[in-house]
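Colleague: First, the structure itself, so that you have it in front of you.
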Amino acid sequence: MQAQVFRVPMSNPADVSGVAKLIDEGVIRAEEVVCVLGKTEGNGCVNDFTRGYTTLAFKVYFSEKLGVSRQEVGERIAFIMSGGTEGVMAPHCTIFTVQKTDNKQKTAAEGKRLAVQQIFTREFLPEEIGRMPQVTETADAVRRAMREAGIADASDVHFVQVKCPLLTAGRMHDAVERGHTVATEDTYESMGYSRGASALGIALALGEVEKANLSDEVITADYSLYSSVASTSAGIELMNNEIIVMGNSRAWGGDLVIGHAEMKDAIDGAAVRQALRDVGCCENDLPTVDELGRVVNVFAKAEASPDGEVRNRRHTMLDDSDINSTRHARAVVNAVIASIVGDPMVYVSGGSEHQGPAGGGPVAVIARTA
């Protein structure tokens, strides 16, 4: 198996021209696409419909290209859209493809290479979102994805991206009508509960937390429990979790590798450099032009520190009634990463409940080997 990854700019939420160009020119085959991971220019909140709009645009395109229904497209390709391109972040999508190749002649000296596997959970009932059923279903799915990708060791997993559902007024009403409660009656807060439950599922699958320490009560409450490689993004456009596991495996060929580090806070540039160093792209204090030329994309989570401080300095992101704190945080983290890699077209998703330490989050880099 061999993974390929392509980063493509988007001029608007329905712009599939960059991907179409790659396919028309024979750079990639539509049949080999397994995931489209996008940053869309909406507000990243409950009523951000750019995520669904972009997903629909890609489903229509691939449906026509592959000659199958949109439903079938959705069953074979994970469309994970994260809304919010605040600050200098450039809207774009990252395309993951998997080619079936024979790596039997590969030597041990060639090392591990990027392995990717997409997988889907079942659809969740509204009363399950942000609670233990979502945790355990996500954990089971991540374990299956690791097996299918040939990733034997949890330490070889460097980034797990999840698109998860949220609660709307209608979904809450449905649960109540059937005699159930929901994790929260605030639609925006439900995004955090869903992200948090999904992240804890990843942590459980990778052995970062013990199941005995998990319950409905700890979700969005006990931030000492987290995954250092989880990246979860909630949206209105689905009711299941769509997951892509990224790691390194000797069973895969190609010239791509992935590494990660843990940002302690929103301005932790040292962690960004460490993630670059993890894939051989920052030998010295700062990456060189040649090293940056091998970087395919950077992926990170962003969050306004819940204690209201960054390095003992007060911040006001949580007190802004006009702009949600996740929007502030995305702009900050994107700027930090862009200042190091020299490119604002990187993937930064807001809301990092149980995704890295409180106020921080994981940062991962996919790059070509030297």
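The backbone N, Cα and C atoms fix where each Cβ goes, and this holds for glycine too.
Quick caveat, the model's predicted, so the values are computed rather than measured.
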Colleague: Given that Swiss-Prot annotates Ser352, Gln355, Gly356, Pro357, Gly360 as Mg(2+)-binding, name the residue from Glu291, Glu303 that shares the site.
Modeller: Glu303
Colleague: Which candidate from Arg178, Arg250, Arg330, Arg368 does Swiss-Prot annotate alongside Arg51, Ser82, Gly83, Arg195, Ser233, Ala234, Ser349, Gly350 at the substrate binding site?
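Modeller: That substrate site, as Swiss-Prot gives it, pairs Arg51, Ser82, Gly83, Arg195, Ser233, Ala234, Ser349, Gly350 with Arg330.
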Colleague: Quick one: pull the CA-CA distance for Gly356 (Mg(2+) binding site) versus Gly350 (substrate binding site), whole Å only.
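Modeller: Cα of Gly356 (Mg(2+) binding site) to Cα of Gly350 (substrate binding site) measures 12 Å after rounding.
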Colleague: Counting every protein chain present, what is the number of Cβ atoms, excluding its own, within 10 Å of the Cβ of Gly350 (substrate binding site)?
Modeller: 27
Colleague: Among the recorded positions Arg51, Gly83, Lys163, Ser233, whose Cα is within 10 A of the Cα of Glu303 (Mg(2+) binding site)?
Modeller: none
Colleague: Taking only C-alpha atoms and a 10 A limit, tell me which of Ser233, Arg330, Gly350 are near Lys163 (active site). These are the recorded positions.
Modeller: Ser233
Colleague: Looking at substrate and its recorded binding residues Arg51, Ser82, Gly83, Arg195, Ser233, Ala234, Arg330, Ser349, Gly350, figure out the farthest C-alpha pair and report it in angstrom, whole number.
Modeller: 16
